[in-house]
Amino acid sequence: APDDDDKIVGGYECPKHAAPWTVSLNVGYHFCGGSLIAPGWVVSAAHCYQRRIQVRLGEHDISANEGDETYIDSSMVIRHPNYSGYDLDNDIMLIKLSKPAALNRNVDLISLPTGCAYAGEMCLISGWGNTMDGAVSGDQLQCLDAPVLSDAECKGAYPGMITNNMMCVGYMEGGKDSCQGDSGGPVVCNGMLQGIVSWGYGCAERDHPGVYTRVCHYVSWIHETIASV
């Protein structure tokens, strides 16, 4: 099975609260990222599913109490009904918060996309995953600027494994990527949430860019799900 892709390599420490939509999913420890898309709702990857999750908002250094954090428990965790643990198709889930988050400069929403990302568009990926393959996670939020790759490049890197609901973001030459620990976290292009960190082979390896859930295919599912609960 593909590795869950969960740490940023070759990026930089985000300026504090530069990506205030980025949240940490916690079950006694940080295990995945997510994105705040409404005061009461977070989107993440379905492979990050846990029945109960504490969502930590306004975080920068997840090992320290910096005074800006808000912790809110989940009241519902909803995986996409067509999620496949086999090929990670439809790797998206929604987390309903037990109370809406208060928005401020540390905690803010990211817009859902109005269209799909295009090849070559530059995006910001943020997360707390490991900074070296197999190493411990970085405690400060890491950022990476990376381009959306073409479908041809993506399918060429992972023959037979890329569905229409996936896209590759990153560098074919390797050295910069998201990895274990960033899973579920955001890919933001032009102010819109276009990707969710999903999977990849290894981390920052040549010819194996990160694979991301294509959020633009799920906007109606997100709206319908939020409206129905």
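Backbone N, Cα and C define each Cβ position, glycine as well.
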Cross-link partner of CYS216 (disulfide, per Swiss-Prot) out of CYS14, CYS32, CYS48, CYS116: CYS116
Cα distance (Å, whole number) from CYS203 (disulfide bond) to SER183 (active site, charge relay system): 12
Whole-number Å value for how far GLU69 (Ca(2+) binding site) lies from CYS116 (disulfide bond) (Cα to Cα): 32
For GLU59 (Ca(2+) binding site), the one of HIS47, CYS203, CYS216 that lies nearest, given that the recorded positions are compared by Cα: HIS47
